[in-house]
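Feature annotation from Swiss-Prot assigns active site, proton acceptor to 188; the stated evidence is similarity to another entry. According to Swiss-Prot, the active site, schiff-base intermediate with dihydroxyacetone-P annotation covers 230, on the basis of similarity to another entry. Swiss-Prot lists 43, 272, 273, 274, 301, 304 with the feature beta-D-fructose 1,6-bisphosphate binding site. The annotation SUMO2 cross-link is assigned in Swiss-Prot to 42 on the grounds of similarity to another entry. Summarising the annotation, Swiss-Prot assigns SUMO1 cross-link to 42 and lists similarity to another entry as the type of evidence. Here Swiss-Prot flags 5 as phosphotyrosine. What Swiss-Prot records for 9 is phosphothreonine. Residues or ranges marked as phosphoserine in Swiss-Prot: 39, 46, 272 (among others). What Swiss-Prot records for 42, 108, 111, 330 is N6-acetyllysine, and it gives similarity to another entry as the kind of evidence. Annotation source Swiss-Prot lists N6-malonyllysine at 111, 312. Marked as N6-(2-hydroxyisobutyryl)lysine by Swiss-Prot on the basis of similarity to another entry: 147 (among others).
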């Protein structure tokens, strides 16, 4: 029989489990502010703002220093490497700012998607080289969890068995390396919403992908209580002509998770996948109201679905700081309610609340 070497000690396991529970405590979710320099460039460009280090710092500071109303809503913040080492105007490093508000600091550790030879345009994710050393350093610098994104696409012949297996294995290797360094891995196998497939097809593919991911995590001796899953919601493809209700999306999503995700997993933090801000909140709420047994915390790890209205309200102008923070706070409060199944759509939406945030073939 296989034995895990080196095994995690009971102390290491407790630390990992405690961190995971803090991130997804009731009413809390994750702010994904880990856009790479290239991705944040597109966001800044959309508001006519130059992609300088100072503008990136100022914008992240705007989010991280929103007033204490967000404290009960945000359990963790995922940062990009650069942001982890930036400081607020008052001289405090951003990790300190996040911790002072009760949040856990996270770091994106993958190095982006690369083509997977032998497939029809499918990808794997790079960044395992030197990952252990980077994790050790990030832990010293205040990060307690990490994120790694793999991408799968639904097509007539995709995802292929090869792409599913390769991505599941790379996620498992990453997760194992994180845990050896005291960092909770967020496992993100994103199935893109591109395509004209219906809800059933997305559910089927999601089940196959998640089953492969948890088999790989078991093979690599990953301690599930010290992990979080960041999956897509089960939705029809963006080009699907058939409409499905929020309840149908919720039922398909929870069913897929119940069939594949062990109850030992601490929490599921959904990605928003280009849904509008309002849609992402409504679907999360429906998922939490779904009348099936759900043994994990079901919450959010949203990027654009927490930031779109705030970004628009800021518009690159310092004097719009407060207005932008109000928009961010509004979404944080909405999603905090949604992850408890208590959200009622207000209709008084933000600057971009109902705009689709879909970007085809989305690469961070």
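Quick reminder: no glycine exception, Cβ is built from N, Cα and C everywhere.
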Among 9, 108, 301, which are recorded as recorded positions, the nearest neighbour of residue 39 (phosphoserine) by Cα: 108
Candidates 5, 42, 188, 330 (recorded positions) - the one closest to residue 301 (beta-D-fructose 1,6-bisphosphate binding site) by CA: 188
Of the recorded positions listed as 43, 188, 273, 274, 304, the one whose CA lies nearest the CA of residue 108 (N6-acetyllysine): 188
Fewest other C-beta atoms within 10 angstroms, as judged across 43, 273, 274, which are the binding-site residues: 43
Residue among recorded positions 5, 9, 230, 272 with Cα closest to the Cα of residue 46 (phosphoserine): 272
Sequence-distant neighbours of residue 5 (phosphotyrosine) in its chain (C-beta under 8 A, six or more apart): none
Alpha-carbon distance [residue 147 (N6-(2-hydroxyisobutyryl)lysine); the residue listed as 'phosphothreonine'] in Å: 23
Integer Å distance between the CA atoms belonging to the residue listed as 'active site, proton acceptor' and residue 230 (active site, schiff-base intermediate with dihydroxyacetone-P): 5
